[in-house]
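Enquirer: According to Swiss-Prot, the protein carries these features:
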type	residues	note
BINDING	R7, R8, D9, Y10, K65, Y122, R126, S130, R190, L191, H192	substrate binding site
BINDING	60-65, 75-76, 81-82, Q104, 139-140, W184, R194	FMN binding site
Amino acid sequence: MELEDIRRDYSLGGLRRADLPQEPVELFELWLKQAVEAKLTDPTAMTVATVDENGQPFQRIVLLKHFDKTGFVFYTNLGSRKAQQLEQHSKISLHFPWHPLERQVHITGTAEKLTALENMKYFTSRPKESQIAAWASKQSSRLTARAALEGKYLELKQKFAKGEIPVPKFWGGFRIKIDSIEFWQGGDHRLHDRFLYSKDQNDWQIDRLAP
């Protein structure tokens, strides 16, 4: 397979300094809204990157579940590889690849655990099947066969057939406190537009970066 000639032009539009609000979350909200309106597949899907104790990076796709000026939120099994890595190294990066809109957003920050109340509010809002799945899977542990996982799910489905399902102690969320957020818009002749918001005490410094 020849990869050298796989490329395309970027022509959907540019991004100017005058277009940028002082708060980066406002621009992110606009771009996410436009991604949803464009009917992109999984517009809230983001790549979450963490590192282990040896500095080895790991990435996976996770769904964004909430965001505001205080940070970006996702949920996971607290025994998962990403959660265990965040216990040791709280630095994290997020990446939203909205290719059809010729846009990317890259976020760096620090992860902190959500409160038990925040976890409960989201967990109880999930479909019952998703709640049971959270109990059934010991995320990132080794499995002998898929049948073992499916059997555990069916066992728990019967156990929790009636009444509310409690929040597992090994399940919860993280809020990513933003250190920086970069907005990338594809441009003509590979002259892409990149703007970096960097946290400067209680304000944001905005810089244009070379593509």
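Just so you know, glycine gets a Cβ as well, placed from its N, Cα and C.
Give me the structural setting of these features: burial, nearby parts and distances.
Expert: Residues near R126 (substrate binding site) in space but far in sequence (CB under 8 A, at least 6 apart, same chain), listed by position: A134.
Reduced to three states, the DSSP call for V62 (FMN binding site) is strand.
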Enquirer: Taking each of R7, D9, K65 in turn, which of these binding-site residues have a Cα lying within 10 angstroms of the Cα of Y75 (FMN binding site)?
Expert: K65
Enquirer: In sequence order, which residues at least six apart in the same chain have a CB under 8 Å from the CB of V62 (FMN binding site)?
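Expert: Within the chain, V62 (FMN binding site) has Cβ neighbours under 8 Å at A45, M46, T47, V48, F74, T76, K82.
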Enquirer: Restricting the comparison to the binding-site residues R60, S140, R194, which residue's C-alpha is spatially nearest the C-alpha of D9 (substrate binding site)?
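Expert: The smallest Cα gap between D9 (substrate binding site) and any of the binding-site residues is with R194.
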Enquirer: Measure from the Cα of Q104 (FMN binding site) to the Cα of every one of the binding-site residues R7, K65, R190, H192, then give the nearest.
Expert: H192
Enquirer: Between the Cα atoms of R190 (substrate binding site) and R60 (FMN binding site), find the distance and write it as a whole number of Å.
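Expert: Each residue's Cα considered, R190 (substrate binding site) and R60 (FMN binding site) end up 28 Å apart.
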Enquirer: Taking the Cα atoms as reference points, how far is R194 (FMN binding site) from R7 (substrate binding site) in Å?
Expert: 19
